[in-house]
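Asker: Just passing along the structure, written as structure tokens.
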Amino acid sequence: LVESWSFLDTAESNFRPLVVIELAKGTKEETIEWFTKRIVDKKANGGAQLLVKPLVTENEVENIYLVGASHLRLLLGAEAVGLVKECSDNSMRTFTYSSRKTFKHYADDNHDFLTMAECQYIIKHELENLRAKEEKMIPGYPQAKLYPGKSVVRRLLTSGILVQIFPLHDREELKKLSHSWYGRVKIGYQPLDDIRCYFGETIALYFGFLEYFTFALIPMAVIGIPYYVFAWEDYDKYVMFATFNLLWSTVILEVWKRMCAILTYRWGTLLMKRQFEEPRPGFHGVLGINPVTGREEPMYSSIKRQLRIYLVSLPFVCLCLYFSLYVMMIYFDLEQWALDYHKENESNFSSLMLYVPSIIYAVVIEIMNLIYRYAAEFLTSWENHRLESSYQNHLILKVLVFNFLNCFASLFYIAFVMFDMKLLRQSLATLLITSQILNQFAESLLPYWLQKRYNRRMKKRMCSTKTDMDLSLAEQVNMEKEMGTYLGTFDDYLELFLQFGYVSLFSCVYPLAAVFAVLNNITEIYSDALKMCRVYKRPFAEPTANIGVWQLAFETMSVISVVTNCILIGMSPEVDALFPDSKMDLVLTVALVEHLLLAIKFIMAFVIPDKPRDIQMKLAKLEFESLEALKQQVRAFQMQLHFVLIHH
């Protein structure tokens with residue numbers, strides 16, 4: 001690989017812009033010159049060996065630069081990041097430039113061997129790996145300090161010199177994808193492979209999970225309708241429904257692991273080696289030597305971080321949880337007022353008023369979730385986590401705990417303190433439907449409408465100054481740079497997680513929850529697809545092998561649902577009548593059934609393999625071949641050493 005770099009020419013006549021770099025207005029010339037030189041410089045000199053071209057509009061150079069790379073450079077970059085591609089024998093292997101001809105669809109003149117998303121991911125990787133050498137500061141900005149090994153792009157971002165880096169849309173490919181994905185209403189599967197080629201594995205996996213979860217909800221919805229119609233107050237019949245629900249929640253999560261393995265093996269990310277994590281951009285501290293890499297980088301005491309977590313973050317989260325419970329009690333006061341009003345008036349208007357407190361509370365819940373999310377992000381950033389994975393895990397934990405209590409505390413209170421099943425059913429239905437409507441509006445419809453308004457204004461302004469063909473690219477860049485930034489799949493998974501809670505936690509009380517979830521998810525697929533293609537900038541592809549910590553979150557929710565459903569059934573009058581003499585016997589029986597169901601659940605999780613047999617065999621074969629190749633290299637080295645020793 002190292003030898004190949006020396007033959008790589010940075011000049012290429014057929015320049016294809018892949019990534020956009022926007023610098024702050026008024027950025028000093030010496031800074032721009034230094035940064036662009038580092039981008040085009042050879043790898044041996046510490047550069048990225050990429051191609052850069054300034055964006056020119058009306059003969060004026062803006063502080064926007066287009067970055068591309070030669071075909072050879074991208075192939076060498078694919079090896080550097082460890083991309084896995086399909087070989088001619090249908091096996092999946094890590095791409096190497098030396099063995100490029102053994103890979104399926106490879107040809108020296110085939111520039112589509114790497115997808116555009118993969119090319120943009122490679123460029124992002126190379127830009128992020130531009131590191132300071134002897135520079136002590138960014139030229140032109142003495143306050144922006146550098147040290148050997150520091151990521152240049154990260155320092156430019158934190159200093160405010162670099163505004164943003166984003167990948168360009170491919171308008172032709174986007175048009176094709178939009179048509180096959182959401183352009184027409186159809187009953188069928190999403191084009192997940194096309195989504196993966198355009199947006200990368202993380203986003204494709206989210207849409208794969210959304211589709212899978214929607215299909216998995218259909219049996220629950222189909223069974224739930226007759227239960228709702230014919231067995232509204234008959235809790236005996238709900239025992240079967242709740243038992244089915246609990247087994248269903250286990251099976252779908254285990255089968256998803258298998259589906260996930262099939263998809264990520266086909267996409268090559270199941271085999272990708274985990275890269276060494278660099279410090280996140282917002283991490284700061286006193287310069288020191290990293291004992292693992294031996295490089296100079298900021299160091300921050302873990303004791304200080306723990307103190308910040310336990311003395312500030314934890315009390316703040318507890319205070320927010322208390323406030324959430326306080327708001328919940330206000331909601332119950334409103335509920336009582338609506339009930340009293342209805343008893344006094346007994347009119348159609350008073351009947352409608354019974355739903356008003358729940359609707360207001362559902363809106364307040366969404367607002368509180370949003371405000372808390374910003375507070376959680378600020379706190380987690382202030383805790384100063386070194387790695388992005390650590391930052392994400394702490395943020396997810398904070399948000400999940402608050403969202404769980406905020407969304408479900410009132411339902412638990414109604415069920416286990418007030419023992420009012422009718423109010424529980426009404427509250428569950430109102431919270432579920434209201435939150436779904438609000439999420440659809442806030443996540444997709446409002447951003448889409450605002451973006452459409454901006455695009456119309458932009459097109460009018462650009463058309464009046466259009467002079468040549470090159471302006472179409474300038475128009476595209478200027479429109480895309482003003483689009484919103486997609487912040488990742490966090491909110492999308494969180495919405496599905498809360499929906500899973502509404503469906504599984506109190507399934508024996510409101511069987512129609514699954515029906516509303518299915519209807520919401522069908523529209524969610526289309527609205528999220530529209531959002532990705534029309535509302536937000538194209539995000540960089542992020543290789544991933546699974547849905548990460550969300551798998552654990554969903555599994556935890558399914559365990560909690562076993563406990564809640566068992567207690568709800570145990571509280572029913574029919575079950576209570578079976579134990580007229582001793583309530584302790586009832587409690588022990590419910591606990592025994594709950595433990596048995598949990599045991600069945602964990603046995604099923606153990607029995608169902610996470611990966612299909614054929615994929616297990618392919619992975620084992622690859623591991624064996626890599627060990628054999630390593631042995632051959634060792635033998636070859638030993639023979640060379642033996643040969644040298646004999647001649648000496």
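Any Cβ shown, glycine's included, is placed from N, Cα and C.
According to TrEMBL, the feature domain 'Anoctamin transmembrane' maps to 195-621. Feature annotation from TrEMBL assigns transmembrane segment to 212-232, 238-256, 309-332, 352-374, 395-416, 496-519, 586-608.
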Asker: In the same chain, which residue numbers or ranges, 6 or more beyond the ends of the transmembrane segment (212-232), come under 8 angstroms Cβ to Cβ?
Answerer: 238, 241, 244-245, 248, 252, 255-256, 259, 496, 500, 503, 507, 511-515, 517-518, 521-522, 525
Asker: Hey, would you say the transmembrane segment (496-519) packs against the transmembrane segment (238-256), going by three or more CB pairs under 8 A that are 6+ residues apart?
Answerer: yes
Asker: Taking 3+ C-beta pairs under 8 angstroms (sequence gap of 6 or more) as contact, is the transmembrane segment (238-256) in contact with the transmembrane segment (395-416)?
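Answerer: When sequence-distant Cβ pairs are counted, the transmembrane segment (395-416) does not touch the transmembrane segment (238-256), since fewer than 3 lie under 8 Å.
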